[in-house]
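Here's a structure for you.
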Amino acid sequence: MDLTHDLTSLIAKSFGLFYLIALSVGITVYAYWPSLGKRFDKAANSILDDEDGPCR
Amino acid sequence: MMERLTGAERQIALMICVVMATVGLVMAAAGRGDPMGSHGAIVLIAAGITTFFVLRAIGEPEPAEDRTVNYYDDPTKAGLVIALFWAVVGMGMGVWVAAQLAWPDLRFDAAWSSFGRIRPVHTSGVIFGFGGNALIATSYHVMQRTSRARLAGHVSPWFVLLGFNLFCIVAASGYLMGVTQSKEYAEPEWYADIWLVIVWVVYFVLYIRTLARRNEPHIYVANWYYMAFILVVAILHIVNNLAVPASLTGAKSYSAFAGVQDAMTQWWYGHNAVAFFLTAGFLGMLYYFLPKRAERPIYSYRLSILSFWGIVFFYIWAGSHHLHYTALPQWVQTLGMTFSVMLLVPSWASAGNALMTLNGAWHKVRDDATLRFMMVAAVFYGLSTFEGSFMAVRAVNSLSHYTDWTVGHVHAGAMGWVALITFGSIYSVVPLLWKRETMYSWKLVEWHFWLALAGTVIYVFAMWNSGIIQGLMWRTYTDSGTLAYSFTDTLVAMHPYYVARACGGALFLTGAILAAYNVYMTIRHAPEKHPERDYPTSSEAAEPAVPAAE
């Protein structure tokens, strides 16, 4: 099957639309999932004092 | 600095140098009579210099430090100094190019100094030389701190840093000799492109391996931005530079694409170079250094995740707005325009997130020029992303395209956002890395801030005026339906703004020179910081951290 202009534009206008909507919903759900709040707060605060490593 | 490598690592470094020298020799011999031969000589000299430094350390005793207790900052330090060197060179070239447009005699009648050759030296010098080195250096810093882990490997960070700079030198010297494949921001020819792929893959592997060693459960958001920068730039670079060399012994090559496909590929690359080189990586800087300097966590971590994925998945489709009113299918133009407008959401989410983080710390912004650099950078980020979305609208683009308005927009982003966040990050990280109390002179930082801000504002306003006048003159018709102004008429109208632009650029350059001087003096003369507790990083004998007085 040839990758014609019509086919490319069909994919862009159908699949492209729905996968981006699904992605947006998925990421919003992940970012605002209530039980992840503590992990995000910890991450946000983790950079404030990071010169004393534990390193490896 | 090579003394801190183990014997085995020094041998690997030496082997790489030998391979590089061989490659340089082959290029110089095969490319005789072609610019490729000169590039071979440059590679040979670069390999020779590196070999000298490695050989000087090769007989030294093994390093005594315990690598499990500290971060590896030598490549970061080198990268920051190199970035400042490129800043002065690249911005100096920019001022010269701007001055040539105002006073064409400043070309001095040489071939190498013509506008078409030194303009890419300016663009590559500031984007790749200054921006790229600053990104590589700060990414080494940030990936280690946020992972609480040392760099994975000691040769590869040097390979990436020095290899990238070799690419920059080959690129810049090539432009002066007339080597170009005529793709904006992707001018270097095929052998330089292949070399950059090798360097970039090593960079990505280094980043992933360092993250794999992390002691933090969550990967901090700055790392996501840096990784998007590395990964997507690799993809863009490889696809856009697909080309067939005319011969293996010469620089000339032909693109794998033709016509509108070539144009679309180039602007898919070109706009995403702005997105992932000049935005994503610098957002990584912003998300790390701004909260750190303000001593406050980012306002909304959730929002930072949302804007990250928004930026990544919207930006990649926006490039076609560079090709409005061309042979590109109308729906592809509309697609690019739509995504450009949608981009405003994640862009302003990041800018707002940064400014909200400062809410409650405005007294620090007032007192601390370093934090003010970052604050103003976030403001310019918000302004230039708004302007970008606006200019991508087809009707606006019909006025702005091909005019100086575009140049003004790019510089609002490059000077106001990219350079200011970089200088802010440099000022906050230099005293830390060299263990100084503060920068050598806070007054110079303050001077730099106002010079940079004044320069940017003068530049951007000059180009807005010039661009809009130019655009309007191009579309003014007489009653009989002919163009009212000749091209020369527009040049005369633009001249005063070109003079103003050169002045604005000169102010900005002066600020960068002050920064380079200040950093040099900090390294050489600023008093050492005596911490309350020893840095675990400072001990050669791997003593545990104890109160410094004991």
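Cβ atoms are placed via backbone N, Cα and C, with glycine included.
In TrEMBL, annotation is done automatically, which means it is predicted and not curated.
These figures come from a predicted structure and were not determined experimentally.
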For the Cu cation site, TrEMBL lists B:His321, B:His322; sort out which one of B:His237, B:His271 goes with them.
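TrEMBL names B:His271 for this Cu cation site.
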Who are the long-range neighbours of the transmembrane segment (B:79-103) in its own chain, taking Cβ under 8 Å and residues 6 or more past its ends?
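Beyond its ends, the transmembrane segment (B:79-103) has Cβ neighbours at 115, 118-119, 121-122, 124-127, 129-131, 133-134, 136-138, 140, 161, 165, 168, 419, 422, 426, 429-430, 433, 495, 498-499, 501-502, 505-506, 508-509, 512-513, 515-516, 519, 523.
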Which residues of the same chain, at least 6 past either end of the transmembrane segment (B:446-464), have a Cβ under 8 Å from a Cβ in it?
369, 372-373, 376, 380, 404-405, 407-409, 411-412, 415-416, 419-420, 423, 497-498, 500-501, 503-512, 514-515, 518
Check each residue in the chain of B:His409 (heme b 2; high-spin binding site) that is at least six apart in sequence and keep those whose C-beta is under 8 Å from its C-beta; list them in sequence order.
B:Ser384, B:Glu387, B:Gly388, B:Met391, B:Ser400, B:Met463
Honestly, do the transmembrane segment (B:224-248) and the transmembrane segment (B:301-318) touch, with at least three Cβ pairs under 8 Å and pairs 6 or more apart in sequence?
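Answer yes, regions in contact.
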Provide, as an integer number of angstrom, the distance between the C-alpha atoms of B:His411 (heme b 1; low-spin binding site) and B:His271 (Cu cation binding site).
14
On the 0 to 100 pLDDT scale, where does the domain 'Cytochrome oxidase subunit I profile' (B:80-550) sit on average?
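Computed over the domain 'Cytochrome oxidase subunit I profile' (B:80-550), the mean pLDDT is 94 on the 0 to 100 scale.
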Short question: most Cβ pairs under 8 Å with the transmembrane segment (B:301-318), which of B:12-30, B:36-58, B:338-361?
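Ranking B:12-30, B:36-58, B:338-361 by Cβ pairs under 8 Å to the transmembrane segment (B:301-318) puts B:338-361 first.
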Name them in sequence order: residues not among B:His271, B:His321, B:His322 whose Cβ is within 8 Å of the mean position of the Cβ atoms defining the Cu cation site.
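The surrounding set, listed in chain order, is B:Trp267, B:Gly270, B:Ala318, B:Gly319, B:Ser320, B:Leu323, B:Gly336, B:Ser340, B:Ala392.
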Could you state the whole-number distance in Å separating the C-alpha atoms of B:His322 (Cu cation binding site) and B:His122 (heme b 1; low-spin binding site)?
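Here the two Cα atoms are 21 Å apart.
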